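One structure below.
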Amino acid sequence: MLFPIASQAEHLKKLLLHQHFNFTNYCHVFLLQYNRVWIPDNEEVWQSAEITKNYKAGDRFLHVQLEDGTELSYPVDPAALPPLRNPDILVGENDLTALSYLHEPAVLHNLKIRFVESKLIYTYSGIILVAINPYKELPIYGDAIIHAYSGQNMGDMDPHIFAVAEEAYKQMARNNKNQSIIVSGESGAGKTVSARYTMRYFATVSKSSNNAHVEDKVLASNPITEAVGNAKTTRNDNSSRFGKYTEISFDQSYQIIGANMRTYLLEKSRVVFQSENERNYHIFYQLCASAMQPEYEHLKLGRSQENNLCCTILGCITKQVPQHCSTLINCTVSGDFQMDVFKMLAAILHLGNVEIAAVGDERSSISAEDKHLSIFCELLDLNCDKVAWWLCHRKIVTTSETVTKPMTRAQAANARDALAKKIYSHLFDFIVDRINQALQFPGKQHTFIGVLDIYGFETFDVNSFEQFCINYANEKLQQQFNLHVFKLEQEEYMKEDIPWTLIDFYDNQPVIDLIEAKMGILELLDEECLLPHGKDENWLQKLYNNFVNKNTLFEKPRMSNTSFIIQHFADKVEYKCEGFLEKNRDTVHEVLIEILKESKVYLTFYWKRFISRTLLSGVFQFRNSLSLLMATLNATTPHYVRCIKPNDEKLPFEFDSKRVVQQLRACGVLETIRISAQSYPSRWTYIEFFSRYSILMTQQELSINDKKQICKIVLQRLIQDHNQYQFGRTKIFFRAGQVAYLEKLRSDRLRQACILIQKRVRGWLQRRSFLSTRRAAITLQQYFRGQQAITARNLKETWAAIVIQKYCRGYLVRRLLLCFHLALNLTHLIKVFLHLPCSFSLLFNRVLESHFQSQKEIYEKEIEGLNFKVEHLSQDINHLQKLFREENDINDGIRLEVSRLTSENLVSSRCRSTTQMCLWHSECCGNVFEISRLKQTGPYLKPRGVVVNMIPGLPAHILFMCVRYADYLNDADMLKSFMNVTIDGIKQVVKEHSEDFEMLSFWLSNTYYFLNCLKQYSGEEEFMKYNTPRQNKNCLKHFDLSEYRQILSDLAIRIYHQFIIVMENNIQHMIVPGMLEYESLQGISGLKPTGFRKRSSSIDDTDTYTMTSVLQQLSYFYSTMCQNGLDSELLKQAVKQLFFLIGAVTLNSLFLRKDMCSCRKGMQIRCNISYLEEWLKDKNLQSSNAKETLEPLSQAAWLLQVKKITDDDAKEICEHCTSLSTVQIVKILNSYTPIDDFEKRVTPSFVRKVQAMLNNREEVPQLMLDTKHLFQVTFPFTPSPHALELIQVPSSFKLGFLTRV
């Protein structure tokens, strides 16, 4: 349900109140010290300030400190507190909807940071792409960039016009629904360039399969329409003075098959009048610049300064006409038609130079000697006298008679100008018609994508009929935009099962009713035009009578009686009524049209179609075309591009906040923000929330397996007010300010952890210092006490101690002697005991034997138990080994049987498709037959089941032995036939299995070995020196096969390139997820809020590729190449090519993803590179130079991690990053994005410092690496060590018909 707001004033009031409503709810009307807010500023619109004193409800002043240190007591209204500033971590986001606080100053600041500091011109605002004109050529539109965005999801990469085009193309293909891309903005904001890039994107990614080259014709139409429809204005050197809607048609394969162009409201008045510092249409100046060329001399044009219709303003497009001829020819405009176009353009210039003289007050005349009129008539083949007469007279037809009435000089000048405007308008429509004819296509279109390049809201010092129509069109477009945004917002809530709440949004229907409703402005204008004596003043008076004080959107200026004011959705605009009726009538005297129809110039034959149009007013025609446009847009899925002009001086990367905010209000960006902010503007997927805020979770919460449930429990604990968030199916919806609150909790937790770590480290350092000091103190005390001991008293005490020791030692010796005597006595007693009777001795022995026997029994029982267990385990092991052998035998049998059946199947299919060779002389008939069977079988040998337990290149050796047999027979025809069929067979199998990596690997290896065998046994000295004497005996005797060697070499290169393409296709989709997105280092997450554009459909990310996926794919490639016996040098070259692709794709994606340019992501990339290096080491491929191809990526990862503050840091960056170009280094520095508050942004001054140090580098200013680059492949000669006579043919080959000679 919609709630339109009645007036713009009420809308602005609600907007301002809403901006502070969220803040009040969040802070509970208490602004705390150190919080940062935005306060209004006359120069910068908004200025950041930090609160220096707590604010309490009822306070009239807010004590703040500005960024320059100025302290200020800012008066505040408790009902409209200053908006809060977002945390620094959220500044510079790709999507404005990712900001926690959504309001005008936050949007303006985010755009400024991205544009000025990061040099990023594109930013998302929900469904809108905001494009700021950089006034500078940027290296972000090449084919490499187009291919990088092709197939990517919107939000996965940095905002770009190509991302919008890809989204439109993808939705068209997925939903089979027509799409529209609406590009709007002020003059000079870059609309035409943006529309041109979208069409170029479609032409590149969806090339037609036929030879019509429709996409080239679509692109070729742009410079033509710009030449005849663009002009220099005070705001833009190449301003489109018409609206254009281009429908690009696609077939069912979604390839371009044609196009159609519709134009709106050409500014015809510019042909005869240009404001100060403005120019006429480019084509006139281009024609004048070519006037001296032989083929244009008959046009009799001078310089542009000599023509009244051409102002002498420099600094614009001065391209000469011949440069347009090729594009006109491409659009099927023949040479004769081209010359007719140039004749009409020259005729318009000459007509503008015709002098009209006043004859009294009521008459006028043109001199018969006026050369410009003569040339005008000559070029158009007209009667000069008739034209001169009817330019100064008009025919009035009444019911009873026809009257010829002379015109005054002013009336005649108006008639002349009207004729010039009509001719140019007719010519413009003709050119558009011919372009459409060239872009027509047979059959029916399946879908289309429309690109609308239309003027944005305009307000000048003097606004007339053209500005009125332009702003009327923008009112209609804005209404369509508001409804679409509201609809998308509602669909998002319904999809996520979020309760839908009513949202107020600004509805500009009252303004549209004021303009187009019954008895509205347009109807009153047409009514006045029908009156014979209708005047602008009379029409204006009717407006005053009908709307002043009756409609709040219409006002009468206080100081003017010739103007009126309309309150548009963007701003108030004052229109001058002068010229409204004349421009609306848009009529040329019928007699002049009849005279033009007499011309024999081909283009004038089209005038009949314009006679009926003279009965229709300009507004009526415009309303009809606008209604058709709106109907078309409403039937498509729209995509919006809002172009912003950053400053009026056209300075590169200069940001004028006043001008930008004015355009943001006018183009609907802030309205989108306002609608989003009313409900739940911040939206995170569950996996994003879990990764970002896991630090706030307890161990008990983390033990739960369901991440979605964890997020719910944690959020309910952290935010007590459950109205501040909602749980959707795949996302969590937050109200404004809640993400900032969570970021503060996260920052506090990290700060506490840092403090705890610092405490422990500092304690450990202090304890280590204390222990070291204590040891030093003890040492000092020891030496000091030693010095003190050398005194008389100490000497006496030492002598006394020695005496005491002497008596003590004597006492101890006497005690030792006493013990010795006791031992002697004991020995004597033992001897006595031994002489006692034997009974005592036997008793003693029996006791010992009984004890030993019991211990022996215990040990024997334990040994018996252990032996039983060992025997049982041995039986189990034997049983398992038996089962294992049986299973292996079964598997081997299955594997061999599958291989045999596959080989037989392919052999039989090849035999059926290959014609038998002609039989030669009867003596060698059998031999030829045997060889022909080998030729049929050889190329179709399957890799699996063949390569196991055989020498590398065995099929190649067999083929060569057949060659040697033909050489042995000295049969040239046999040899030629065999070689041709073999080469053709290899080509055929490669063609039929062009996507089979194993088959390509197998035949690349065997083609290489076959080529080496031809070299090794060629009999040439350079190859024979590597052979053994036995091998040299097998060299060819009769034939030189160097020509075939070259053919095989070319074939091997072709197979290698296809082999590389297949490998790249298999691994390319894993590279970015595995190398860039996957976090190999757990606990170092770089996820941040991503806004509206980033969408996730699942909480589980198990299907995504990881670094392990990349390594596994590389290992599969490596093992397959090894199994097929690929030469080690070729294998190294293939691995080097793969590693180059991995590095290039990863680095290119990094350049286009600002969210990935962080210190933590640099650590992750460096970790992933180390895994690749470890893989190379494990496979013993260090000598392949594959590691060196990763050097640019490695340096980029280092650049993300290194400190970027001081001059020394800049110098170190320049010295270290030698594999990165200046453009790439600057791009990474500008894109660097802190993940936490502890990181610092790279300042623009530091970037400029690095750029200055790198200026002396001589390099190509290219941003993207060429992922299609192929290193030159070389096939080294590696002689086979195997003797031919010792080679055995496996029975699995099924080549029993071969006989060894």
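From the backbone N, Cα and C atoms, a Cβ is placed for every residue, glycine too.
From the options 5-27, 97-119, 626-648, the stretch TrEMBL describes as region 'Actin-binding' is 626-648. Each residue in the region 'Actin-binding' (626-648) gets a DSSP state, and the totals come to 9 helix, 8 strand, 6 coil. Note on the domain 'Dilute' (979-1256): its mean pLDDT in the predicted model is 87. With the fewest other C-beta atoms within 10 Å around its C-beta, Gly188 stands out among the binding-site residues Gly185, Gly188, Gly190. Counting every protein chain shown, 25 other Cβ atoms lie within 10 Å of the Cβ of Glu186 (ATP binding site).
Counting only residues at least six positions away in the same chain, the Cβ atoms of Val183, Ser184, Gly185, Ser240, Asp453, Ile454, Tyr455, Gly456, Cys643 sit under 8 Å from the Cβ of Lys191 (ATP binding site). By neighbour count, meaning other C-beta atoms within 10 Å, the densest spot among the binding-site residues Ser187, Ala189, Thr192 is Ala189.
Listed in chain order, the extra residues whose Cβ falls within 8 Å of the Cβ center of the ATP site residues Gly185, Glu186, Ser187, Gly188, Ala189, Gly190, Lys191, Thr192 are Asn133, Asn236, Ser239, Ser240, Gly456, Cys643, Lys645.
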